[in-house]
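Here's the structure, in structure tokens; my notes come after.
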Amino acid sequence: MGLEEKLPGGVLLASVEKLANWSRRSSLWPATFGLACCAIEMMSTGAGRYDLSRFGMEVFRASPRQADLMIVAGRVSQKMAPVLRQIYDQMPEPKWVLSMGVCASSGGMFNNYAIVQGVDHIVPVDMYLPGCPPRPEMLMDAIIKLHEKILAGPVTGRTAHTESGSSPYPKPIDVATARAGLPAGELDTRTLSVNDRKRFRIPAGAPVPTGRGAVEPVLDTRRPAAIAPPSVFGRAKGIPVDAKPLDESRAHGPGPTTADIADAADTADSDAAPGATHDTP
């Protein structure tokens, strides 16, 4: 009809993108994914005092297939990481992730083997929110900033995962593979930290991850010795310097039985000083 000759190029396409992004920004449905104390502040944000429904987010969906925003509120344990990734993969595209609190963003005070040191090791994060825990006003400010990012972003959302590995975001982790502890070749190890590798039990001799946290050449998953070296822990815990390690045949077996405890008590009584008496009830 000659309409394209009267309008500058790209006007209709730009209008469609803006309309689509405006619709997505105005109707974000978060997934119910509270993990720790930050979830209390997230629930307060949805209550009447702050009224998150003003921004079109009054519905927290219990099904990830009906949500497009994941608010990770709290620390993520190593056992929760595969579940988090599975829920993220079940969310339809386009989708966004908001890391709420320092525990979800970087591990926070939980710098140990049981906590993932940042949820960005598992899923791509679009907005980081500091605080321990952040107040509802801070969460609403982060959501508004995310709205602005969505409005200015492409209509196709973020870059999709590609088989060639050109995407800057982690690839999906197979939950069954991660729980089974299979070799590292069947996992995406580009972004696995040391704690993540311990969680997925990458065996000795497997390819070393190249992501952040990959410091040791080999991760040995064998069980530790029964007794730590006395030079390190002996004096602090009262272990004699000449203490001998436990029998290897029993070090990894079941704990001591009642008979073993009784034998140890008899041995201690026989080694007591002469003339020592014990009160009996």
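Glycine too: its Cβ is placed from the backbone N, Cα and C atoms.
What Swiss-Prot annotates here:
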BINDING   Cys37, Cys38, Cys103, Cys132  [4Fe-4S] cluster binding site
COMPBIAS  257-281  compositional bias 'Low complexity'
REGION    242-281  region 'Disordered'
Only counting partners 6 or more residues apart, tell me which same-chain residues put their Cβ under 8 Å from the Cβ of Cys132 ([4Fe-4S] cluster binding site).
Gly101, Val102, Cys103, Gly108, Met109
Have a look around Cys103 ([4Fe-4S] cluster binding site) and count the other CB atoms within 10 A of its CB, chains all included.
28
CB contacts for Cys37 ([4Fe-4S] cluster binding site) [other CB atoms within 10 A, all chains]:
14
Using the recorded [4Fe-4S] cluster site (Cys37, Cys38, Cys103, Cys132) as reference, state which further residues of the same chain have their Cβ within 8 Å of the centre of those residues' Cβ atoms, listed in sequence order.
Ala36, Ala73, Gly74, Arg75, Met100, Gly101, Val102, Ala104, Gly108, Gly131, Pro133, Pro134
Would you mind checking how many other C-beta atoms are within 10 angstroms of the C-beta on Cys38 ([4Fe-4S] cluster binding site)?
26
